[in-house]
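As recorded in TrEMBL, the features of this protein are as follows:
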type	residues	note
ACT_SITE	SER98	active site, schiff-base intermediate with substrate
MOD_RES	SER98	pyruvic acid (Ser)
ACT_SITE	HIS103	active site, proton acceptor
ACT_SITE	CYS118	active site, proton donor
Amino acid sequence: MSEKATAYNLYVVVFFQKPRFKDKKMLESRVAQEKIVGKHVFGNLYNCPENIISDEKYLRKIVREAIKQANMTLVSLRSWSFGGEKGGVSVIALITESHVAVHTWREYNYATVDIYTCGEESSPEKAFDYIVQHLRPESVTRYFADRSSG
């Protein structure tokens with residue numbers, strides 16, 4: 001530690017009061033309410049039509065609509081088009097529940113889709129299926145990860 005650096009000790013004291021529940025059912029209900037529900041759907045889309053995965057405006061439109069279809073709340077949508085021989089498009093949506101991302105590679109007719117949500121009200125599976133339907137790949141690999149707290 002240098003002469004000018006000062007060490008600080010931070011002590012945090014937290015007092016927990018054990019919740020009182022009249023019965024086991026009430027306790028289980030309370031615990032269920034505190035669970036974090038995280039759903040992560042992601043995948044690879046192969047042999048997509050080049051004209052579709054190169055169209056930034058169209059990709060933005062399908063991401064917006066997928067968010068609506070899946071009962072998610074859009075906060076912000078950004079996109080970038082990468083020109084040149086090996087161009088592609090990236091669309092990233094920040095949603096209240098987490099995020100939706102689509103990345104495309106025109107030269108490979110390839111796209112990736114990544115959707116993560118928190119909460120029980122939204123359906124990342126619906127959003128994923130909507131995007132896949134509109135990108136029209138010849139084949140898809142789809143993955144699901146349960147990112148819940150318990």
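Every residue, even glycine, has its Cβ placed from backbone N, Cα and C.
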Could you give the Cα-Cα distance between SER98 (active site, schiff-base intermediate with substrate) and the residue listed as 'active site, proton donor', in whole Å? 7
Could you tell me the C-alpha distance between the residue listed as 'active site, proton donor' and the residue listed as 'active site, proton acceptor' in angstrom, no decimals? 22
Can you count the other CB atoms that lie within 10 A of the CB of SER98 (active site, schiff-base intermediate with substrate)? 19
For the residue listed as 'active site, proton acceptor', nearby residues of its own chain (Cβ under 8 Å, 6 or more apart in sequence): GLY88, VAL89, SER90, ALA111, THR112
Tell me, by DSSP, whether the residue listed as 'active site, proton donor' is helix, strand or coil? strand
